Amino acid sequence: MAQVDSSGGIGIAVDVDDVVKRYGTLTALHGVSFDIRDGEFFTLLGPSGCGKTTLLRCIAGFEEVSGGAIRLHGEDIARLPPHRRQVNTVFQQYALFPHMDVLANVMFGLLRRGWTRRDATARAREVLALVRLADFAERRPAQLSGGQQQRVALARALAPGPQVLLLDEPLSALDLKLRQAVRVELKQIQRETDIAFVFVTHDQEEALTMSDRIAVMSDGRVQQIGTPREVYEAPVNRFVAGFIGETNLLDVAIRSVDGSRAEVLLPGGRPFACAAAAPVAAGPGHLSVRPERIELVAAGEGDLTATVRDHVYLGTDIQLHARLADDEAVVVRIQNAAGSAIPERGAEIGLKLEAGAARLLTD
Amino acid sequence: MAGVAPPGTGTGSGIYRGNGPRLMLPVWAFIGIFLVLPVLLMAVYSFLTKEFRGGVIWDPTLAAYDKFFLDRGLFGDEPPVIEWTYIGIFWRSIWQAGLATLFCLVIGFPTAWFIATRDVRTRSAWLFLVTIPYWVNLLIRTVSMKFLIRDTGPLNEFLLWTGVVDGPLGLVNTNLAVQIGLFYSYLPFMVLPIYAAVERYDFALSEAAADLYAGAWTTLRLVILPVVRPGIVAGCILVFVPSLGAFLAPDLLGGAKTFMIGSLIEEQFKGAAGNWPFGAAASMILLSIVLGVLLLYARSQAKGAR
Ligand SMILES: Nc1ncnc2c1ncn2[C@@H]1O[C@H](COP(=O)(O)OP(=O)(O)OP(=O)(O)O)[C@@H](O)[C@H]1O
Ligand SMILES: [Mg+2]
């Protein structure tokens, strides 16, 4: 459902343009900007208090922005009240109307938009079927399980066919098993409806598995926007590298720079060639290497030498905690395959960094 | 555990809903002694014969109800026609009480809303302000109200002084004065239960309604009012019932023209002119009306919940 916006660009559903939000002296959003395409699953990921909910509430209209513009298919909506924006929200605690049955909940938005009762009923039943709740139309929200309530909230928000659907940690009230099942369902429904989703979470696994693109936020700023693969494999700074997945950040000295490639000296003094996240100059830097991108080799070989401190058994993997000569901690993940040799505590080991997987970061 | 509650629907169901019957014993005893017994006594009295200096003679008769509904002429020997005097008083009382309830609702709901949406720390201060008049006896408050609104009272003096009116309003001894009295007496009974309901109201529901294209009035009508309705109903009952039986406000502020049920009943038990069986019969009729209204409401509730 690609739509043409007023500026002629194709398929920008939401354009968040330098949005600032202040609560008194506290600035919750410091000029946030990004575009969300039609039909895209876009995730806002960040730690607690980084401003995800605030941003979502600004798009929905529950908070007034202190600066900047929010455009919905080209039209600036930043100053419209919530009921005038073609945007619907799935609330974290669902906020289902307790005095109405499921069908009436789903019909609510349709009736407000001027649908006839007959058409609204038909449409509501259709959406309930989509979320697999067709048999629950006559129940009250209090008579449903958490997962069913969550799907009613989704159906209620989807029914009017919003240009964008906002979801604020919609899975956080569900238990782990259900959460994983609903993840798949949610993604499927998003593909079927082809509506742009803005999904808020602080769970990086959720973000990685569901999103087309992720905006990683911290302290009211967007740190990086990219596909799950980009933010995981090519983080732009230490915050992103550390927040998404696990990583080792080694203190290195940058020796020479050639475009986006650099040569650094590793702890222990060996040289290593790697890609830099941003233009760098000679001086101190940080090398980010994922634990699963480090290979175990014999002591004295490879790029680093370390001493094993501890193992953590993870089932499919084994996590090895080791220390370098300068006491820096390094984590290595090795597969728990038949015949994998697990070094003893206190053993000296060599570590080989996968050349393409290490990133040089400066901030 | 004894006294397992029947499987419930909705929230709060399950075994914790019922208390063991033994634990309930003091409650039942209390209700029996202070509620059921007096009502039974009143029911019995309403079927007895009146004594001339107050009190009753144990001689069963329907005379009290006969006197209430039927007019048999001055000497009781004419063919009976319907007696409109008391029915009229009842009707006027119901009308007055209903009106007072409506006024209390119109003012009480926004007041309760205002208080419930204040900062948690200032709420109790606002609630305290609402209940302050209750530290003073109702009689004194009603008399004071009369002093305030009488023709030579501060209200009229002020209005005359500012030139808003050019003669006293003549409020005392009107229905309006009774309304003011009832409103003033029972407003907190409206505010408090609605406050309790609004305080528990989840404002995310209002956001959800706005998100689904409902403007402010639609949200009020379709979401807020239905959700806080138990509080509104409780407030209306708590104002309507005592207003219906009130006698201080009608007596002191209304005078003879606005005679209400409460005064009628009060008279029957005062001094030598009283008629206990008749007073008891009028009370029984009043009680039936109130119970009837409550029953109708409960019925409609049961039907409404699917
Ligand atoms: N109504 C408010 N008044 C004042 N400050 C607020 C208000 N709402 C949020 N904040 C502040 O704005 C910042 C961002 O809050 P926000 O709720 O957007 O965080 P979040 O990223 O959604 O966190 P979480 O993952 O915990 O939900 C926080 O520092 C918070 O304290
Ligand atoms: Mg939040």
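Cβ atoms here come from the backbone N, Cα and C positions, even for glycine.
The domain 'ABC transmembrane type-1' feature in TrEMBL is assigned to B:90-297.
Annotated transmembrane segment per TrEMBL: B:27-48 (among others), in sequence order. Counting only same-chain residues 6+ beyond the ends of the transmembrane segment (B:27-48), those with a CB under 8 A from a CB of the stretch are 56-62, 64-65, 276-277, 280-281, 283-284, 287.
Residues 123, 126-127, 130, 175, 178-179, 182-183, 186-187, 189-192, 194-195, 197-198, 231-232, 235-236, 239-241, 243-244, 246, 250, 258, 260, 289 of the same chain lie 6 or more positions beyond the ends of the transmembrane segment (B:94-115) yet place their CB under 8 Å from a CB of it. If you look up TrEMBL, you'll see B:94-115 (among others) marked as transmembrane segment.
The transmembrane segment annotation in TrEMBL covers B:127-149 (among others).
Taken from TrEMBL, the feature transmembrane segment applies to B:176-198 (among others).
The transmembrane segment annotation in TrEMBL covers B:219-241 (among others).
Taken from TrEMBL, the feature transmembrane segment applies to B:276-298 (among others). Counting same-chain residues at least six beyond the ends of the transmembrane segment (B:276-298), those with a Cβ under 8 angstroms from any Cβ of the stretch are 39, 42-43, 45-51, 54-56, 61, 63-65, 67-68, 86, 90, 94, 233, 237, 241, 244-245, 261, 264-265, 267-269.
Sequence-distant contacts of the transmembrane segment (B:176-198) (same chain, at least 6 residues past either end, Cβ-Cβ under 8 Å): 96-97, 99-101, 103-105, 107-109, 111-113, 115-117, 127, 130-131, 133-134, 138, 141-142, 145-146, 149, 227-232, 234-236, 238-239, 242-243, 246, 248-250, 252-254, 258, 260. Listed by sequence, the residues of this chain that lie at least six past the ends of the transmembrane segment (B:127-149) yet keep a Cβ under 8 A from its Cβ atoms are 111, 115, 155-156, 169, 171-172, 177, 180-181, 184-185, 187-188, 191-192, 195, 248-249, 252-253.
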